[in-house]
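The block underneath contains the structure these notes are about, expressed in structure tokens.
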Amino acid sequence: MDRPGALDRLRTAVEAFSTAHLGAVERWCVALSGGPDSLALTAVAARLRPTTAVIVDHGLQPDSAAVAQTARAQAIALGCVAAQVISVHVDGEGGLEAAARRARYAALAAHRDGPVLLGHTLDDQAETVLLGLGRGSGVRSIAGMRPHDPPWCRPLLGQRRAVTHAACAELGLTAWQDPHNSDRRFARARLRAEVLPLLEEVLGGGVVEALARTATALREDNELLDALAERALPAARAGAGLQVAALAGLDAPVRRRVIRAWLLAGGATGLTDKQIRGVDNLVTAWRGQGAVAVGSSLPGERLFAGRRDGVLTLWREPVR
């Protein structure tokens, strides 16, 4: 039997994802950049259900408006019932890549009409795992992207990037090549061009798949620990704070997740593993140290987590 073509392989992947996660959904959106991954996904999605393409113009390149309009025209030609271009402002805070990602996801969330299909591939997952590992960002980063994290859907997370490129070729589509993807100033671009090929050569291949398997295993373990922390949190509460004595009786991975959930519920944002461990030290290595500062969801202020009379407490202070 002949091996299925690239487009058929993608269609099978999207259909399987839809059956597993989106059975009752009548329509969906696709985040379309014009690149080969999202373009191939759009082609498949539009053949399966009524599809709205959402194109986010970050305005980071001189021809970004033209690229967005080309993507819109391609979406309509591929059978999308609608296609809209959303222009966003990228503030650059936290680095250009991170700022663009925040702006993109905010725009998609605000303008979506149903679940949002994203064109992330197995290669993207491997890159994400390596970035998280290199930055010491904790288990959540190394666990990579979830296939289904409503409203975000990643039906191609098990497919290699080469398959989406081949699917575009089968359809005769000319995909946009984002210059940022080959710009060595960006860490992900260097991982893609230099680090992963070297690892594949040194380790004899299969590295991308191995990294993705590792992400899946870590994600499953992490979800179990999150569930244990959710059960433990009510017993540790002391009003708006947390009882140190109750926290001290928990296993370290569960305790840190209880602390994380408490911080997030209190309005913390952008939490790092270092910050969570700093708050954890207020429980396990208490010597009268000061509070731990964390980001706040409200502009113009910071949150502080400290210990007082055997209780962890949160308070806000204006940014000066």
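Just so you know, glycine gets a Cβ as well, placed from its N, Cα and C.
Annotation source Swiss-Prot lists ATP binding site at Ser33, Gly34, Gly35, Pro36, Asp37, Ser38. Ser38 (ATP binding site) has a Cβ environment of 26 other Cβ atoms inside 10 Å.
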Ser33 (ATP binding site): tally of other CB atoms within 10 A of its CB: 21
Which listed residue (Gly35, Pro36) has most other Cβ within 10 Å, given these are binding-site residues: Pro36
Spatial neighbours of Asp37 (ATP binding site) that are distant in sequence (at least 6 apart) but have CB under 8 A: Gly119, His120, Thr121, Asp124, Leu156, Arg161, Thr164
Residues close to ATP site centre defined by Ser33, Gly34, Gly35, Pro36, Asp37, Ser38, Cβ within 8 Å: Leu32, Leu39, Ala40, Ala71, Gly119, Thr164, Ala175, Trp176, Asp178
